[in-house]
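Colleague: Encoded as structure tokens, here's the structure I'll be asking about.
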Amino acid sequence: MSSTIAPVKPSGTAGPKEVELVLVKEQNGVQFTSSALVSPSGQTHPSGEERETWGKKIDFLLSVIGFAVDLANVWRFPYLCYKNGGGAFLVPYLFFMVIAGMPLFYMELALGQYNREGAAGVWKICPLFKGVGFTVILISLYVGFYYNVIIAWALFYLFSSFSGELPWIHCNNTWNSPNCSDLNSTLLNDTYKTTPALEYFERGVLHLHESSGIDDLGLPRWQLTSCLAVVIVVLYFSLWKGVKTSGKVVWITATMPYVVLTVLLLRGVTLPGAIDGIKAYLSVDFLRLCDAQVWIEAATQICFSLGVGFGVLIAFSSYNKFSNNCYRDAIITSSINSLTSFFSGFVIFSFLGYMSHKHNVALDKVATDGPGLVFIIYPEAIATLPGSSVWAVIFFIMLLTLGIDSAVSLRILSDLISNTRGGIYVFTLLDHFAAGTSILFGVLIEAIGVDRFSDDIQEMIGQRPGLYWRLCWKFVSPCFLLFMVVVSFATFNPPKYGSYYFPAWATMLGWCLSISSMIMVPLYAFYKFCSLPGSFCDVSISYLSICKMNQVKSH
């Protein structure tokens, strides 16, 4: 066993200092590292290479807000809030936001900024947990399998909106079935009738009637594939010069949704029945808090809303200046995200109340889950307004900006599967398994693997995190996440789309997809144990020591 320490040049300037990791000793094949303070060298990557940084601080903030505020804020949060007891859903949502959402959001921003690495490279602080980096990368990959498809649908609807009469108003189109009935009738009371908006989405856009199930996908539709290609091109040119380009794009994509939501809300609250919809949105049914599914959906929505567990926050913050106040950024962006979700609920339910009033049916007969709320109910409501084509263009531009902000990867071949005539079944399966239990598991391992990095934060921003943050990182968040992972397994419900129930093999395939990301944590740990000489106990002690030495810096 040998010990060497590299010489350190004295720092002659004040300000934040960087930490240089140097080899101290080697035992059982494991290199132990220590740290030394070196003079700041701008924004130098740990490898010694210059690292690109955001052009302006506001570019980073808008990028994080744009990623976190996505389509889930527009349709998923309002629906879950209504489905799970209205205002009562806000209880677990806000509870999880305080004990897990904001602390984990802060943790990921600090991790990326301090280590100047992406989701996988950041785990040099504890190599045994590097598998969680691959877990979050796979989760992001799987979500991307279908997320870009939503943007392609929105683009298709946007093109269709540039017409004198919207194509989902009447039943005289080639794709309509004999069951179609015009908007002006009270058809929602008749289970055998369908709306033009429903048939336009399922038959005109998706051609779902040509598929018998997930085992009958067919070929990709060229119209949707063309829209997907346009989306890919837009994403490419938004990112082709790195953060310098994307930082400018988000000035439009991150701010446009707020303008559109405000305009739609001002219009929505003037419609008859809108107040009833808002009352239903805010109504409180505390008995629903006894249902475990309410708490699971609130916890999952926190991860979706804030974007923790996808690795993107770590990557974004890795381009920050070392002394950037990531604590302030975490408070600002996570608060804006939650307020946006709450605000979008007023927009959505003002229109749902209007639809309920127009068709003289209960509100629960109008609201639907998933893409149905955005691509069926909302277009149907917009179609009844004066100047409907203009409102449709505005709405789908908003969807495009929300989607492009959060589409962080390009996977066109996998997206094509969801553009087939049975693609909605693939979409539903991926939406159910890609980032449900797996994302809770990934964030759980992140919380466990990161420990005692308060000194790192103090080095960056000049102050240690308060007791609240340290308790959440150390005890509260890991315990909460472990409980939610167990409960999500115990209360699993098979996926379905409308009246279609997925076959057993499809559900098993979904579980394989989910497990394939989670299993990266034990697989990588097993690989590291097997690749080093020595007994299991020796290697375990060595890895625990290196984690502690890398996380607790001796200044």
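Every residue, even glycine, has its Cβ placed from backbone N, Cα and C.
These came from TrEMBL, pasted as-is:
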BINDING   Gly66, Ala68, Val69, Asn73, Ser305, Asn337, Leu402, Asp405, Ser406  Na(+) binding site
DISULFID  Cys171-Cys180  disulfide bond
TRANSMEM  60-78  transmembrane segment
TRANSMEM  90-111  transmembrane segment
TRANSMEM  132-159  transmembrane segment
TRANSMEM  222-239  transmembrane segment
TRANSMEM  251-275  transmembrane segment
TRANSMEM  295-316  transmembrane segment
TRANSMEM  336-355  transmembrane segment
TRANSMEM  390-413  transmembrane segment
TRANSMEM  425-448  transmembrane segment
TRANSMEM  468-492  transmembrane segment
TRANSMEM  504-527  transmembrane segment
Colleague: Give residue numbers and ranges for long-range contacts of the transmembrane segment (90-111): same chain, 6 or more residues beyond its ends, CB-CB under 8 A.
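Modeller: Result: 64, 81, 122, 286, 289, 294-295, 298-299, 301-303, 305-309, 313-314, 316-317, 326-327, 329-331, 333-334, 338, 342, 443, 446-447, 450, 453, 456-457, 460, 465, 469, 472-473, 476-477, 480-481.
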Colleague: Looking at the binding-site residues listed here (Gly66, Val69, Leu402), whose Cα lies nearest to that of Cys180 (disulfide bond)?
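Modeller: Answer for the nearest of the binding-site residues: Leu402.
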Colleague: Counting Cβ pairs under 8 Å that sit 6 or more residues apart, are there three or more between the transmembrane segment (60-78) and the transmembrane segment (425-448)?
Modeller: no
Colleague: When only pairs 6 or more apart in sequence are counted, do the transmembrane segment (336-355) and the transmembrane segment (251-275) reach 3 or more Cβ pairs under 8 Å?
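Modeller: Between the transmembrane segment (336-355) and the transmembrane segment (251-275), contact is present.
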Colleague: Under 8 Å, at least 3 Cβ pairs, sequence separation 6 or more: does that hold for the transmembrane segment (468-492) versus the transmembrane segment (504-527)?
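Modeller: Result for the transmembrane segment (468-492) with the transmembrane segment (504-527) is no.
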Colleague: Which bits of the chain, at least 6 residues beyond where the transmembrane segment (251-275) starts or stops, bring a Cβ under 8 A of a Cβ in it?
Modeller: 59, 62-63, 65-66, 69, 74, 340, 343-344, 346-347, 350-351, 353-358, 385, 391, 394-395, 397-398, 401-402, 404-405
Colleague: By Cβ distance under 8 Å, which residues at least 6 away from the ends of the transmembrane segment (425-448) in the same chain are close to it?
Modeller: 100, 104, 107-108, 129, 131-132, 135-136, 139, 142-143, 145-146, 149, 211, 213-214, 217, 299-300, 303-304, 308-310, 370-371, 417-418, 473, 477-478, 481-482, 484-485, 488-489, 495-497, 500, 502, 506, 509-511, 513-515, 517-518, 521
Colleague: Near the transmembrane segment (295-316), which same-chain residues lie under 8 Å Cβ to Cβ, leaving out any that are not at least 6 residues past its ends?
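Modeller: Residues packing against the transmembrane segment (295-316) from afar: 60, 63-64, 67-68, 70, 72-73, 76-77, 80, 84, 89, 92-93, 95-97, 100-102, 104-105, 108-109, 111-112, 117-120, 122, 133, 136-137, 139-140, 143, 289, 334, 337-338, 341, 406, 408, 435-436, 439-440, 442-443, 446, 480-481, 484, 487-488, 491.
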Colleague: Within a 10 Å radius of its Cβ, which of these recorded positions (Cys180, Leu402) has the fewest neighbouring Cβ atoms?
Modeller: Cys180
Colleague: Could you round the CA separation between Cys171 (disulfide bond) and Gly66 (Na(+) binding site) to a whole angstrom and send it over?
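Modeller: About 38 Å separates the two Cα atoms.
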Colleague: For a quick check of packing: other C-beta atoms within 10 Å of the C-beta of Val69 (Na(+) binding site), how many?
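Modeller: Result for Val69 (Na(+) binding site): 29 neighbouring Cβ atoms inside 10 Å.
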Colleague: Mind checking which of Gly66, Cys171, Ser305 has the fewest other CB atoms within 10 A of its CB? They're the recorded positions.
Modeller: Cys171
